[in-house]
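Contents: one structure, followed by commentary.
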């Protein structure tokens, strides 16, 4: 009995450690990206270049883990037809999401960007209805209205609103919503389920190519003109490593807990980012209206998460994922935390 109790406590400790690691890495990565893009010391205001570096780094590490060191096995079942019709669109939308989301940091505060991201379930639901993956109902219409109203109130309370930054952030939200729709189509219609490392193994090179083309036309000449090729190698490498560690931490949390846990942790992380950013960055000035609107939006997001999880539970028996299992799609809608 004593050994069983110790084992249970050890498992609980490991679970909470993974959750805290996820929240720390997720919040820290957002602050890290903002600092790299905005800091005069680093002098690297190139969101396309930074995101491209992340994808190249991720591609190389995934290749080393799966093909050289063989620590993680790449899931079977990928074909050329599936790659062209599903993985390439997912990679393109992922690239668009990170590019536009990181660019928004040049114009708006981290806290306000986080508040705008709360509109994500609305975008996912609308596109899901259009794609035939979701059904319109009075309950969902009410939830979407609550979220939209909360984001609207939070935006009204923003003191230094920059509409260019808002457009970039909302473009990133649309890109992420499209990525999730393509992910659901990949799972439901193609029958492919991938763990995060396998997913990044296939998606990262595609995203890197999608980012490389606009980088040549939009940022390459600026970087050459400013002599930015002599960038801070250690800082950018550490930034890329943290991004990869963040993706891995999502895998660890879901493997040891559930989709519900990652969603709750995501909401906690969002509040941590909003509140801590006010202490770290001079461009963040929170107001009562800001926080009130964001609280309404988060309440709507919580209701959305609860509705989706109940819907998923009614389809399949509830069980705790074993280590190495694929991420349930229901958890994907709130786990893109790199930006």
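Every residue gets a Cβ built from N, Cα and C, even glycine.
Worth saying up front: this structure is predicted, and the values here are computed from it rather than measured.
Residues or ranges marked as transmembrane segment in TrEMBL: 12-32 (among others).
Residues or ranges marked as domain 'Sugar phosphate transporter' in TrEMBL: 18-305.
The annotation transmembrane segment is assigned in TrEMBL to 44-66 (among others).
Sequence annotations record features per position, and here TrEMBL assigns transmembrane segment to 78-100 (among others). Note on the transmembrane segment (78-100): residues 47-48, 51, 54-55, 168-169, 171-172, 175-176, 178-179, 182-183, 185-186, 190, 192, 202-211, 214, 336, 338-339 of its chain, located 6 or more positions outside it, place their CB under 8 angstroms from a CB of the stretch.
If you look at the transmembrane segment (106-133), the same-chain residues 6 or more away from its ends with a CB under 8 A from one of its CBs are 30-31, 34, 37-38, 45, 47, 140, 143-144, 147-148, 150-151, 154-155, 158, 160-162, 164-166, 168-170, 173-174, 176-178, 180-181, 184-185, 188, 270, 273-275, 277-278, 281, 283-286, 290, 293-294, 297-298, 300-301, 304, 333-334, 339. If you look up TrEMBL, you'll see 106-133 (among others) marked as transmembrane segment.
Look at TrEMBL and you will find 140-157 (among others) tagged as transmembrane segment.
Here the transmembrane segment (163-187) has long-range neighbours at 82, 86-87, 89-90, 93-94, 96-101, 103-108, 112-113, 116-117, 119-120, 123-124, 126-128, 131, 133, 155, 193, 329, 332-333, 336, 339, meaning same-chain residues at least 6 beyond its ends whose C-beta is under 8 angstroms from one of its own. Annotated transmembrane segment per TrEMBL: 163-187 (among others), in sequence order.
According to TrEMBL, the feature transmembrane segment maps to 199-217 (among others). Under 8 Å from some Cβ of the transmembrane segment (199-217) lie the Cβ atoms of residues 48-49, 51-52, 55-56, 58-59, 62-63, 66, 74, 78, 83, 87-88, 90-92, 94-96, 98-99, 247, 327, all in the same chain and six or more residues away from its ends.
Residues or ranges marked as transmembrane segment in TrEMBL: 229-253 (among others). Cβ atoms under 8 Å from those of the transmembrane segment (229-253) belong to residues 18-19, 21-22, 25-26, 28-29, 32-33, 36, 42, 44, 50, 53-54, 57-58, 61, 195-197, 200, 223, 261-262, 265, 327, 335, 337-338 of the same chain, restricted to positions at least 6 beyond its ends.
Residues or ranges marked as transmembrane segment by TrEMBL: 260-282 (among others). Within the chain, the transmembrane segment (260-282) has long-range Cβ neighbours (under 8 A, six or more residues past its boundaries) at 19, 22-23, 26-27, 30-31, 34, 38, 109-111, 114-115, 117-118, 250, 253-254, 291, 294, 298, 301-302, 305, 309, 331, 334-335, 337.
Annotated transmembrane segment per TrEMBL: 288-305 (among others), in sequence order.
What TrEMBL lists as region 'Disordered' is 315-339.
For the transmembrane segment (44-66), the list of distant contacts is 33, 36-38, 72-74, 95, 98-99, 102-103, 105-106, 197-198, 200-201, 204-205, 207-208, 211-212, 214-215, 218-219, 222-223, 228, 231-232, 236-237, 239-241, 243-244, 247, 338: same-chain residues at least six beyond its ends, Cβ to Cβ under 8 Å.
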